Amino acid sequence: MEMVLAFLGFLACLIALGYGLYHLVRYVLKKEKRFSKRLFWPLFIGGLVLLFTGAALAEPDTAAANAEKKYSALNAEYKNLTKEHEELEKEYKSVSSEAKKLKDNKEDQDKLEKLKNENSDLKKTQKSLKAEIKELQENQKQLKEDAKTAKAENETLRQDKTKLENQLKETESQTASSHEDTGSSSNNTSKSDETKTADKAEGCNIKGSRNGIYHTPGSTYYDRTTDPAEMFCSVEEAEAAGYRAPKR
């Protein structure tokens, strides 16, 4: 899945760059401006997001695989060194046994000295092998911990991915619900405004014209004022709003 995301991201980026290069060449040669930013930028940015997402998801698996390979190689080397150590142990015991037998034989002093030197060299080699084995054991332990950590990080990333997908679904559901609530609220508000307007029209019949004059029912210009700026329920209310009575 991670490789598919990375491949799709790379392909989208490649198409976007090809599209941009094609229109750049056409602009240079023919001065044509038909480049669509709405097509180029979403395709290019979406490709980068897919590419980086695929690479990020694939990285923990790669790290775990590399750790497993290193662990296998070190384990094989550890077994080889252990085998060599056992062989040297046998050889050391054999040389020690021969040295003990030749110790009382004065005629073989040279051979005894040679065996002592060999024995000393074997001890040094044995000590070096023990140090290497200890180091390999520590490296082996560290690789086990690295592999365990890589697997844990991989599992954490998968859980985060699942959590993000669930959050995305929840957000989409909330968005759809919000649109429905908004539509319902708008309808209720419109009905409320219509009701208020009707009530005002029935009880408040003093018209305020746009030139600052109010007209009461039965006055000369009352019926002629067909588009009042405001409606008032009383003369006091109209005068308080800055309107005056007509001169005639």
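In case you wondered, yes, glycine gets a Cβ from its N, Cα and C as well.
Noted in Swiss-Prot for the protein shown:
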type     : residues : note
TRANSMEM : 4-24     : transmembrane segment
TRANSMEM : 39-59    : transmembrane segment
COILED   : 61-178   : coiled coil
REGION   : 94-123   : region 'Disordered'
REGION   : 140-221  : region 'Disordered'
COMPBIAS : 140-182  : compositional bias 'Basic and acidic residues'
COMPBIAS : 191-202  : compositional bias 'Basic and acidic residues'
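Secondary structure by DSSP for the compositional bias 'Basic and acidic residues' (140-182): 43 helix, 0 strand, 0 coil.
In the region 'Disordered' (94-123), helix, strand and coil residues by DSSP number 27 helix, 0 strand, 3 coil. Residues 1-17, 19-20, 157, 161 of the same chain sit 6 or more residues outside the transmembrane segment (39-59) yet have a Cβ under 8 Å from a Cβ within it.
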